[in-house]
Amino acid sequence: MTSSIFRTIGIIGYSRHPKAVHTYDILYHWLYSKGITVIIEHHAASLLNVQKAVVGDLNDIGNYADLAIVIGGDGNMLRAANILAQHDIKVIGINRGTLGFLTDLDPNSALVELSDVLSGHFINEKRFLLDVTVQRYNKLIRLGSAINEVILHTNTIRDMIEFELYIDDNFIFSQRSDGLIISTPTGSTAYALSAGGPILSPTVDAILLVPICPHTLSSRPVVINSKSIICLKFSKVTSELKIGYDNQTPVLVCKEEEIFIKRSNHYLDLIHPNNYNYFKTLNIKLGWSQNIAETKK
């Protein structure tokens, strides 16, 4: 039995792929053998044949666990992050997806790296979220939160959006485009990157605004202070207009409504092994070329 600074650990996974399920099983028995109390999220528990296991939802894990381990791809992490960010819990991910910017542990070496993490050797990163509210009938209604991005878009590919952007009550521009991405630094390697936005280091205290196919050459991505409050207004709505956040169901927006996006009071307490380096991760995940010294070896 090995000592651990984490007494209770949650296991979270949504994939039914045999390799992912195998990781759930190996991880559960490994943690259990160390005398750690393990809470398995319902989806993962339904795929395991574990007798007398403690099973709960994301809020149960957030309330009672010290650490949550998410197994899967970045989508699985996003799915869990919005709930876990509302609790005082650290989160780490084992990659069973594709890129794995958020779930960065290699499943083949995860137990070795987790041994160091359980001993207290890890890097801590606090990733902020964005809160989305809509002003509807003179009332502010909270829609949800996003760890990656908030996306304004239409329901059909042929229609453009006309909207006005305000930052801290100051008019910035009006635009006709296919939409707008409002991204955190965490989300700058996701949809915002595909739309031509820059990559922001996760510790940068900023919000990224990236137009989607704007109908003007002068419209460029903009980086603003994370303390700014963003407002979207719509002078004309000719098709179904929606606001989406991460992988959650988009919400329909009407002409008379205004959308507000600001930095959330909650954050995702993400941890990494001590050998983690963000730019090395970018190099590997995005296929950047090697440096000159390495190519001469």
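Placement of Cβ uses the backbone N, Cα and C atoms for every residue, glycine included.
Feature annotations, reproduced from Swiss-Prot:
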- D74, G75, R79, N148, E149, R176, D178, T189, A190, Y191, A192, L193, S194, Q248: NAD(+) binding site (BINDING)
- D74: active site, proton acceptor (ACT_SITE)
*Largest inter-residue Cα distance among D74, G75, R79, N148, E149, R176, D178, T189, A190, Y191, A192, L193, S194, Q248 [record-listed NAD(+) binders, Å]*: 31
*Near A190 (NAD(+) binding site), which residues of its chain come within a Cβ-Cβ distance under 8 Å, counting only those 6 or more away in sequence?*
D74, F101, N148, E149, S183
*Chain-internal residues near A192 (NAD(+) binding site), provided their CB is under 8 angstroms and they sit 6+ positions away*: E149, I181, S183, L208, V210, P221
*Once near-sequence residues are set aside, which residues in the chain of R79 (NAD(+) binding site), 6 or more away, have Cβ atoms under 8 Å from its Cβ?*
Y14, N247
*Ten-angstrom check, please: count other Cβ atoms within 10 Å of the Cβ of S194 (NAD(+) binding site), all chains counted.*
11
*Taking the Cβ of D178 (NAD(+) binding site) as the reference point, list residues of the same chain whose Cβ is under 8 angstroms away and which are at least six residues distant in sequence.*
H153, T154, I157, M160, I161, I212, C213
*Per DSSP, E149 (NAD(+) binding site) is which: helix, strand or coil?*
strand
*Per DSSP, A190 (NAD(+) binding site) is which: helix, strand or coil?*
coil
